[in-house]
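What TrEMBL lists as ATP binding site is Ala35, Asp36, Ile37, Gly38, Gly39, Thr40.
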Amino acid sequence: MEAIWQNSFTSIPDFPIAFPNRGRKLPQSLRVLAADIGGTKTNVGLFLVGDEQIRLIEQSSYPSQDYHSFVDIAEDFLQGKERPDRISIGIAGPVIGGKATTTNLNWEVDRKVLIRELKVAEVFILNDLEANAYGIAALQEKELDRLYAGHQEIEGNAAIIAPGTGLGEAALYWDGEYFHPFATEGGHTDFGPRNDLDLDLFRYLRRKFGHVSWERVVSGPGIQNIFTFLRVDKQWDVPDDLREAINAGDPPAVISAYAQKGYPICEETIRLFIKYLAQESANLCLKTKAVGGLFIGGGIIPKIHHELREEAFLNHFFQAGRLRDLVEAIPVSVIMNSEAPLLGAAYYGALGV
């Protein structure tokens, strides 16, 4: 697979990201191994930097659970290839002191270990949502689906939320000229029920997990949690063909597909998922005062974005009490390119310190 991104880093006026070396010319003939490490899969790409472009040379995807570490995946991918000059990784988990432990995968990724074992000069480790935020700079206009225009003339911070295997959240601080992405672990904050059905779901999940975070309802596994709650606790009917499809396939994907076919329990599951996504998106925007925009990413959303266009998302997004007017001013966009975190990691690797 090969693709070329023609944008240079200095020619992205519509979304100015504060890369560490933004404004300088790109290095020539720099090889960057970029990776997006998630609980389900790890995407890896080898990029060649030069002539004010980043060029994707080769790309592969690996099931994360089949490997003991990122080193194993990197060695597999690099077999028979020239070693990269830099490695840049976006990883689903908190990054502290050059080390990260994945939230939904039992891996530890250590910058010093990677430099030693993979024999490269430099390694950058970012939170996956931080990488996703940097990746916005690489996207073409058609890869951002504007869900709601808001008040685009207002400048300020932005936010990004991305349900996948887990729930990632990040913010972008606006300094008056550039956006500075920073990671959060907001997906692990307490789920906030608002009505009796939400309370019943909360109690069901508390019995199952103890602590109930937003990630338990706004993620791929969250879709399955909501579905199981409706089936077990609320006694919704599950037709035999749906039950067989769930047992044979990927439950969140099956539930989403069967919602589009009009199966009531699946429709209700996705309705609740979108409702909770909207509510937590508003929470994130309020906490970061993200009047500069909300970006919704992750692997799930492009598959159901047509349902986000319905009023359900915006109605729940706008329910912000006394600050409804502030939330109504926020533009909302859906990131349609699920490889934005990989591109962001590659861009950061090219323009890292």
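Using N, Cα and C of the backbone, Cβ positions are placed for all residues, glycine too.
On a predicted model such as this, the values are computed, not experimentally measured, just so you know.
Positions of TrEMBL features highlighted on the structure.
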{"residue": "Ala35", "record": "ATP binding site", "Cβ contacts under 8 Å, 6 or more apart": "Thr42, Asn43, Val44, Gly45, Phe70, Ile73, Ala74, Ile87, Ser88, Ile89, Gly90, Leu342, Ala345"}
{"residue": "Asp36", "record": "ATP binding site", "Cβ contacts under 8 Å, 6 or more apart": "Thr42, Asn43, Ile89, Gly90, Asp128, Ala131, Glu339, Pro341, Leu342, Ala345"}
{"residue": "Ile37", "record": "ATP binding site", "Cβ contacts under 8 Å, 6 or more apart": "Ser64, Phe70, Ile89, Gly90, Ile91, Ala92, Thr102, Leu105, Trp107, Val109, Asp128"}
{"residue": "Gly38", "record": "ATP binding site", "Cβ contacts under 8 Å, 6 or more apart": "Ser64, Ala92, Asn104, Leu105, Asp128, Gly164, Thr165"}
{"residue": "Gly39", "record": "ATP binding site", "Cβ contacts under 8 Å, 6 or more apart": "Ser64, Ala92, Thr102, Thr103, Asn104, Leu105, Gly164, Thr165, Gly166"}
{"residue": "Thr40", "record": "ATP binding site", "Cβ contacts under 8 Å, 6 or more apart": "Pro63, Ser64, Gln65, Gly164, Thr165, Gly220"}
By a three-class reduction of DSSP, Asp36 (ATP binding site) is assigned strand
Cβ within 8 Å of the ATP site's Cβ centroid: which residues qualify beyond Ala35, Asp36, Ile37, Gly38, Gly39, Thr40?
Lys41, Thr42, Asn43, Ser64, Gly90, Ile91, Ala92, Thr102, Leu105, Asp128, Thr165
